[in-house]
Amino acid sequence: MAKKEKNNCIPRHVAIVMDGNGRWAKARFMPRLFGHKKGVESVRKVIKYCSDAGVECLTLFAFSSENWKRPEDEVSGLMSLFMGVLEKETVGMLRHNVRLQFIGDRSAFSAQLQAKIALVEQETAQCSGLKLIVAANYGGRWDILQAVRTMAGQVQCGELKPDELTEAHIGKALSTQELPEPDLFIRTGGEQRISNFLLWQLAYAELFFSEKLWPEFDEKCLQQAFDAYAGRERRFGMTGEQVKA
Ligand code: FPP
């Protein structure tokens, strides 16, 4: 097999499924929430590293549409954790020029959490560095469904004709709107699945699975993922020769 052309660029958009907090805590005979709290330290490390490396967007899967099925104390603990993180970290985000945006159905959150999310989005709206997208009460199928509803409305009111619909219309109607599609998808915790994350947007992402549990994932692990990405040949359906040309 011909040697692969190296793709030395840093990914523009990195999307991460932060898995393994519960198992990390269990191994220490601690409650699952202890693992989520420890996971916030990895979140901080990864944000700083991506920001310094010049990554444009970082999307973190913090809470899936399916996570409501978890024990009540874990769900309420996670909600308090999100609130606490937003309260404590806004100053740091502003200092590092990080813009925060949430994607997902936020209407299911408490009015207090919804207001806090809106406030931090507004406070960091002028930041021009890393775009940090937190997927909370997010599901890839939910995202496609809400996009379809938006487009159906546009068709119904005569703004668009069905045969004028393009992939670009779908892209804009998704919650990620104008963001570039993820180049690199990382999942920690040893599982190898997408779990209803950015289903449409991940079409051409390079996939990287790490055995590390999320609280153990640090700068070195992220660099390993970037190195693996740099060694991949992204063909987007073309032949290797066409890509080189
Ligand atoms: C999955 O591990 C992790 C979560 C469902 C929560 C992750 C959330 C954080 C680290 C807080 C981040 C906060 C912000 C605002 C970005 P798991 O519980 O499924 O682990 P397991 O597979 O070992 O059970």
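Placed from the backbone N, Cα and C atoms, the Cβ positions cover glycine too.
All TrEMBL annotations are machine predictions without curation.
Sequence annotations record features per position, and here TrEMBL assigns active site to D19. The annotation Mg(2+) binding site is assigned in TrEMBL to D19, E206. Per TrEMBL, the feature substrate binding site maps to 20-24, R32, H36, 64-66, W68, R70, R187, 193-195. What TrEMBL lists as active site, proton acceptor is N67.
Features as recorded by TrEMBL, highlighted on the structure.
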{"residue": "D19", "record": "active site", "DSSP (3 states)": "coil"}
{"residue": "W24", "record": "substrate binding site", "DSSP (3 states)": "helix"}
{"residue": "H36", "record": "substrate binding site", "DSSP (3 states)": "helix"}
{"residue": "S65", "record": "substrate binding site", "DSSP (3 states)": "helix"}
{"residue": "I194", "record": "substrate binding site", "DSSP (3 states)": "coil"}
{"residue": "E206", "record": "Mg(2+) binding site", "DSSP (3 states)": "strand"}
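Sorting the binding-site residues G20, G22 by the number of other Cβ atoms within 10 Å puts G20 first. Taking a Cβ cut-off of under 6 Å from any atom of ligand 1, none of the binding-site residues S65, W68, R187, I194, E206 qualifies. Neighbours of E206 (Mg(2+) binding site), defined as other CB atoms within 10 A of its CB across all chains, total 20. Reported as a whole number, the C-alpha separation between G22 (substrate binding site) and N67 (active site, proton acceptor) equals 13 Å. The recorded positions recorded for this entry are D19, W24, I194, and the Cα of D19 lies nearest to that of the residue listed as 'active site, proton acceptor'.
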